[in-house]
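As given in Swiss-Prot:
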- 360, 418, 421: [4Fe-4S] cluster binding site (BINDING)
């Protein structure tokens, strides 16, 4: 456990945000009570929590600090001629109607199906300007760490905790340890934040960040856009971390300015002044540190059944026989058996059946633009779904003609939603199929029973779409 700094010691941004939100300090026998600034909810993990509130006759403590959307189980196909949404089953439709009722009954602001602001929760929240530096942010979703890109302390919570926050606006939490990931150099052509985070997870392993909050530092991180920073923080959980964040700077402030929930006028100036004090103090110490050189990286892709099993697209499928640790060797053997891959064989050239471009990891406008760079003037050789992360992303992309590029390439341009990332809405792959996906998890069956997922960036996914196989996006863009 990181120790609380006294007033004279340099503090990390993690310490600063944590200390500012402690309602009751933790003890050896009890976790801290932490105040929550923003609670995001969606239709899958909130129904049970609202039911408990009803049963106990409770109201929301701070309804204005709760914001709702729909994303997990909603269709990404448009309404039918009868005006109805094509839900995959009755359960999905019931989740949506129950969400509408819950938000109406408890006074929660909801941006649901058909709303121009609706989107995947971790795309929608920042677009609304609801996510701001120095906040504590929670959501009943694993990838809430996305909001850490704004210098917020953001983490996923379980359904029972969703109920706790709705009723009290507080949460029981143990103070996390701190991990600094410093990234020197600069990402080369054809690389993005997705390649960087896959490389970091490959180095740390899926349990390397357990019990920690990661702060991403260094020139390569500072050079990222806000979209890139959100991608980076989004997958912190895949290294086992509780959360991940990037300290706010002018890039952050410029992105937030003018958004619906961002402060306005004099309040904006006051907020920016506060936010500028958030970055870690010079001399602040961390429990652990990791250093990488971005200029040494190549486009990444996963080959196995967890996000830590990643290699360069130019690399070879690892051989379990070279693994000294017996447990790690067994894990690798099982992964390759499920994936049907041969040790020592190049990953490039592996046949692909489906490509998915979207999700809370890579469903933003920058991701749509990157995919379009590869798709423009080419034809896809495999089924390809491009799913914007929100209606705002969709609208902006269509204004730029990206939808036309996607359709002319033979790919599908869909409505916003989680879609094939979690495959709850009918967007899935069949057993044995290979899918290059810009999402965040490649667990067995994640995209459909027996489906095989390879995680990659939008550029690498689009390169797979137009070649029908795993390919180096740099070579595709160069016309080779």
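Here, residue 1 is simply the first one shown, and the rest follow in order.
Every residue gets a Cβ built from N, Cα and C, even glycine.
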Env. residues of [4Fe-4S] cluster site, Cβ within 8 Å of mean position of 360, 418, 421 Cβ: 71, 72, 120, 122, 143, 358, 359, 361, 363, 389, 417, 419, 422, 439, 440
Chain-internal residues, separated by at least six, CB under 8 A from residue 421 ([4Fe-4S] cluster binding site): 356, 358, 359, 360, 361, 437, 439, 440, 441, 447
For residue 418 ([4Fe-4S] cluster binding site): intrachain residues, at least 6 apart, with Cβ closer than 8 Å: 71, 72, 74, 120, 359, 360, 424, 425
CB contacts for residue 360 ([4Fe-4S] cluster binding site) [other CB atoms within 10 A, all chains]: 29
